[in-house]
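**Q** Have a look at the structure that comes next, please.
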Amino acid sequence: MAFIAALGLLMAEICPAVICCSDGTLGMHNAVQKGQDTQKQLDSLTLASINTDFAFSFYKELALKNPHKNIAFSPFGIATALNSLTLGAKGNTLEEILEVLKFNLTETSEADIHQGFKHLLQRLSHPGDQVQIRTGNALFVEKHLQILAEFKEKARALYHTEVFTANFQQPHEAMKLINSYMSNQTQGKIKELVSDMDGNTSMVIVNDLFFKAEWMVPFNSDDTFMGKFIVDRSRHVKVPMMKTKNLRTPYFRDEELKCTVVELNYKGNGKAMFILPDQGKMQQVEASLQPGTLKKWRKSLRPRKIKELHLPKFSLSQHYNLEDILPELGIRELFSTQADLSGITGVKNITVSEMIHSTELDMTEKGTEGDAITIVGYNFMSAKLKPVFVKFEDQFLYIVLDQGDLWIHVMGKVINPSEK
């Protein structure tokens, strides 16, 4: 299984005046330590819980705007890009971003939030020799625009952000530079993150997340067959259906929400949770998505023998303009002329004109090589439960999680596995 997520923020100068020239380069800088000695560091599990809250809020808005489409997005990627932007946001612009990301400054300081992300990014940068996880941030700046040294230093130290200069007066040249960078970062998976740009753009921030892992118990490709998948009451499609028999894996039947939850582990640091609502119950399950729901599912999962598991093989490619989505959640000023990003340039002359998020997700029988881990916590009584058959032949949800902190890397919904 592999996924790649990328996000781009296009910013424009509100005023057309030319600002002092900057070379846009960065030197080496030690990690920012401000606040760490006096503030309690944000616990990684708390950070993951906050991210889950944001992830589910964002998902619900996506589902509302895309009721009949597959969904794939990276809450981690979006949160990382937005949070790096808070290094330069001020006033109400900053407050709106933090509120939508579910942070409460009365409980956690900005310094602790940034330190929490920094340590998480450091951990993800060293997942082990076999697991492939890579994150990256890049800032493309108009060659005549001056970026504050403090912002560049913190962006580099906390979010591993690279800074490049670009000639946005030549939009096609700038787009070529950005898309070439993203293509290299995503191994050619995302070749055209930015497809349109005008001469008013002065800054672009992009974020990418690459994750690839192998199932702990891979599906046998010889068992994959063409099976029926129900798109809606009047339509079904034939899709490649992966199959495995006599699998022992975490399972939970949620009678309250009328859905079945199955968890499959990856070799290495990750797991995938698949949620199959009973027919006609998808909206009920979606409405219930909140951190407490995920916590309940995680606590209720028990090893269970699945006599036969069917899961469609699918490949999704989704592209979202977040300037149409985030204002509905509460981030409005960022996309208006009232935006205050003076912590980036020193003056209030930058606004975000476009924010793009792209995700490529492949769910296959095997994946790539990785270190094996051992499933723990078996319940002796579960051996007395009858084996079950689980067939994902109707629309379902999926959540890819970090094994340790339960951070949501990617999540979404499959309505039609035959469509990208």
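Each Cβ is built from the backbone N, Cα and C atoms, and glycine gets one as well.
According to Swiss-Prot, the protein carries these features:
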SIGNAL    1-17  signal peptide
CARBOHYD  Asn104  N-linked glycosylation site
CARBOHYD  Asn349  N-linked glycosylation site
REGION    367-392  region 'RCL'
**Q** Go through Asn104, Asn349, our glycosylation sites, and report the one whose Cβ sees the most other Cβ atoms within 10 Å.
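**A** Of Asn104, Asn349, the one with the most crowded Cβ is Asn349.
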**Q** Just the number: how many Å between the Cα atoms of Asn349 (N-linked glycosylation site) and Asn104 (N-linked glycosylation site)?
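**A** The separation of the Cα atoms works out to 27 Å.
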**Q** Taking all residues of the region 'RCL' (367-392) together, what is their mean pLDDT?
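**A** Value for the region 'RCL' (367-392), mean pLDDT as a whole number: 47.
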